[in-house]
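Straight from TrEMBL, the features:
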- 105-120: compositional bias 'Polar residues' (COMPBIAS)
- 335-363: compositional bias 'Gly residues' (COMPBIAS)
- 364-381: compositional bias 'Basic and acidic residues' (COMPBIAS)
- 21-53: region 'Disordered' (REGION)
- 105-151: region 'Disordered' (REGION)
- 335-381: region 'Disordered' (REGION)
- 74-106: repeat 'ANK' (REPEAT)
């Protein structure tokens, strides 16, 4: 199935509307399939030039309307893609269909930021926009422990050293890969201060994850002093809604999803959304079936596919695909890899609580100062 999804993505990226129509007619579920960067075919169509690109995007929306709000591995919606490539007609069409210009990507930028940089953008940030945004998490499967992961670390440190751009470092923390920054140093004193603060940032997010795993909603909410801190994930890239569902705290999961609806689109390292977790645990906790529908009412997508091509409904209709016990065991052993874990401290069988979910005193005082209000002028260039 993944091969067909890739074929559809390629056709969408080139605005080959006839090919896209043929493929989605054969299997409409392909329109909800994620590519290697966690994006959907609509993301690709949003970058296709001309009328054919707009027509392709519009067709995909009729097949999979929920794709409008889905974020890729870097937190970008189809509207971000359209803005980055300067596809004004497609951008306007997506807005008309209900796309939000307020959603921030993993570096804290909105579609408007990219559109304002005149499109055809190739880098991680809009032209003229670099800064101290503590980004939201990345989406989709991780390459934990790979050479590419360590390349991400090197590039992030270089961006901070050479351009005073702490966004990539912050992104690593928030998306659950903060452990990759442990024991790293820099020739730049300010960057080195940031790196020295990494254990503190990790511990702060672990504390929130422990509270959620324990069902202590009041403590968790008190710790979430800003929205971006709520986006930080653990070593398995599971977020707070994932964690609440995994431990049977349905009301807390709903409370978090209602306050932070973007969490419903985030995926763990195997591409599973919180709705996947709800479906897998459906035979374990009495109220999960109710939560399954409640989460959809809040924006969760029942057609979202994980890295194995399974939707949440697949797990409901075929419980043998994965049980709640299997999921907890998988998480406790760690998804995706070779990076040493052991910073987790709460979460029982759920894979620890934090580990790589960064954040620390996000938005508060930090010796590296990329998260402080006082440094906004310096780091937002």
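Any Cβ shown, glycine's included, is placed from N, Cα and C.
Each residue in the region 'Disordered' (21-53) gets a DSSP state, and the totals come to 20 helix, 0 strand, 13 coil. For the repeat 'ANK' (74-106), the DSSP-based tally of helix, strand and coil residues reads 17 helix, 0 strand, 16 coil.
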